[in-house]
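Features reported for this protein in TrEMBL:
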type	residues	note
DOMAIN	1-359	domain 'FMN hydroxy acid dehydrogenase'
BINDING	Tyr24, Tyr129, Arg164, His254, Arg257	glyoxylate binding site
BINDING	77-79, Ser106, Gln127, Thr155, Lys230, Ser252, 285-289, 308-309	FMN binding site
ACT_SITE	His254	active site, proton acceptor
Amino acid sequence: MEITNVSEYEAVAKEKLPKMVYDYYASGAEDQWTLQENRNAFSRILFRPRILIDVSKIDLTTTVLGFKISMPIMISPTAMQKMAHPEGEYATARAASAAGTIMTLSSWATSSVEEVASTGPGIRFFQLYVYKDRNVVAQLVRRAERAGFKAIALTVDTPRLGRREADIKNRFTLPPFLTLKNFEGLDLGKMDESNDSGLASYVAGQIDRSLSWKDVKWLQTITTLPILVKGVITAEDTRLAIQAGAAGIIVSNHGARQLDYVPATITALEEVVKAAQGRLPVFLDGGVRRGTDVFKALALGASGIFIGRPVVFSLAAEGEAGVRKVLQMLRDEFELTMALSGCRSLKEITRDHIVTEWDRPRVAPRL
């Protein structure tokens, strides 16, 4: 079967992967309302394309934290990629590098920061979970710096793991031949089997629930790397992130895996962008499956987007070639959307190019 869009990889991955692994990647929290809404909310935003504009040349390039990339489409941190494919994070790193874009490596990767760095050049960010033992955190951040990573994406929406019922049913745990490579030498690389989700038990034991804004300040004392705060969905927290010295914000609901019934990230985006007042870049993560989605996010003020599940599903289906293809398909669709909307560069994409449900005047019909 010829794969013609990003979403088609999910069905292929479902066939190929063990049920426990597929369910881990695919599922959301509780009723999975936000999981559906992350996709559905995009479908309620419509275009207002402009015509008769010379679109023979289109420039997709942009800069993120000063780094020039080929397009505003980057890779989110997703855990344990070797469950999807033997090459795991190596394949993802090579695909991102080939596409000229940024990969974010998960703290819970099945390849270490050093191993990913060894795949060759590329701009890489490191996603950080803050462990109870701060020496572990400091060590990890230093290793990421030494390995040439360019920013820290601090995940702030996970003081506890969301209730993912598929993982409870499957008693999810890391397959025995894999470890959380970044923690291997610290005896934190193994996940014990548990009566419910092994990952939830691991998080309860290791991740610091007391994490607060003062820790964002503390991180800046142990590293010179810029810190992106990942998991902000309100104006209030946007203002606090600016006060705390964040270099950027990733509007994210953790792929709808944490608190169910939070809004879709595309719905929350504009509130965050308005509160940021241009003082720091705002990115979006969650639900992006089409080039049209990328355009909508940029029209609402995002500086770029990150994709997660499309990476692990395409990785499971076709390894590195799959991830390359996903990045290429999104790039091609996004470029086409720009052309058909009359935009030749990212700065030409404006709020006027879309209409959302909250723009439409709610007029009561006269009886």
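Here the Cβ of each residue, glycine as well, is placed from N, Cα and C on the backbone.
Automated prediction, rather than curation, is the source of TrEMBL annotations.
Long-range Cβ proximity for Arg164 (glyoxylate binding site), meaning a same-chain Cβ under 8 A and a gap of 6 or more residues, is found for Tyr24, Ser27, Gly28, Ala29, Phe172, Ser197, Ala200, Arg257. Residues listed for glyoxylate, Tyr24, Tyr129, Arg164, His254, Arg257, cover a largest CA to CA span of 19 Å. For Arg289 (FMN binding site), other Cβ atoms within 10 Å of its Cβ number 23. Taking Cβ-Cβ distances under 8 Å and a sequence gap of 6 or more within the same chain, the neighbours of Ala79 (FMN binding site) are Ser106, Ser107, Trp108, Ala109.
Figure note: comparing Cβ neighbours within 10 Å for the binding-site residues Lys230, His254, Arg257, Arg309, the maximum is reached by Lys230. In this structure, the binding-site residues under consideration are Tyr129, Asp285, and the one with the smallest number of other Cβ atoms within 10 Å of its Cβ is Tyr129. Its Cβ placed at the centre, Gly287 (FMN binding site) has 27 other Cβ atoms within 10 Å.
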